[in-house]
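The next block holds one structure in the form of structure tokens; read it before the comments.
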Amino acid sequence: MAWRTSSIASFVVTTLVLLATISDAQLSSKFYESTCPNALSTIRTVIRTAVSKERRMAASLIRLHFHDCFVQGCDASILLDDSSSIESEKTAPQNFNSVRGFNVIDQAKTEVEKVCPGVVSCADIVAVAARDASFAVGGPSWTVKLGRRDSTTASKIEATNDLPRFTDDVDILISRFNKKGLTARDMVTLSGN
């Protein structure tokens, strides 16, 4: 049983890394090494604190990252609120009253801004938060490639059309994942089944 859990966890990590790297080929794990060397430790501290207060937050942060990457790529577009020019992805049926952890990402961003203002993207914070949340609850860790840029647009329509729904039948679910370059096996693994 332990090998199965470990195998599934490794597969989930591989799939998340694949989703995260599809959007930009010029990423580097050392992106902030000279511009903000304490960025990763600052994010890690916030995530560990949040997960220690509420263990379920780890899964929420991983899910937040997945929902961000599934729509427009890993660009933090899921964090954008409604405005005169943006219809937020937060209000898509699959996200509304479902995806959470925004406050933890906001707190991580606030702390990182104290250390090095205007340097670290929210997109990178979301990606690092997912990794650190996994590790905080005894799950796997992985190298996060950094250097993503934050989106200035969001797409509620794309979120509504692309994100899996609990009412989707198997064929529709497989189709949604196939459109993102993922297999039926990836879908089952990411669903936690």
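Backbone N, Cα and C atoms are what each Cβ position is placed from, and that goes for glycine too.
Some features that TrEMBL has for this protein:
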| type | residues | note |
| --- | --- | --- |
| SIGNAL | 1-25 | signal peptide |
| SITE | Arg63 | site 'Transition state stabilizer' |
| ACT_SITE | His67 | active site, proton acceptor |
| BINDING | Asp68, Val71, Gly73, Asp75, Ser77, Glu89 | Ca(2+) binding site |
| BINDING | Pro164 | substrate binding site |
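What TrEMBL annotates, mapped onto the structure for a quick look.
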residue	record	Cβ contacts under 8 Å, 6 or more apart
Arg63	site 'Transition state stabilizer'	Val99, Gly101
His67	active site, proton acceptor	Ile78, Glu89, Gln94, Asn95, Val99, Ala159, Leu163
Asp68	Ca(2+) binding site	Cys74, Asp75, Ala76, Ser77, Ile78, Leu79, Ala123, Val126
Val71	Ca(2+) binding site	Ser77, Ile78, Glu89, Ser155, Glu158, Ala159, Asp162, Leu163
Pro164	substrate binding site	Gln94, Leu173, Arg176, Phe177, Met187, Ser191
Cβ-centroid neighbourhood (8 Å) of the Ca(2+) site, Asp68, Val71, Gly73, Asp75, Ser77, Glu89 excluded: His67, Cys69, Phe70, Gln72, Cys74, Ala76, Ile78, Ser151, Ala154, Ser155, Ala159
Secondary structure at Ser77 (Ca(2+) binding site), reduced by DSSP to three states: helix
Of Asp75, Glu89 (the binding-site residues), the residue whose Cβ has the fewest other Cβ atoms within 10 Å: Asp75
For Glu89 (Ca(2+) binding site): DSSP state (helix, strand, coil): helix
Cβ neighbours of Ser77 (Ca(2+) binding site) where a neighbour is any other Cβ within 10 Å: 26
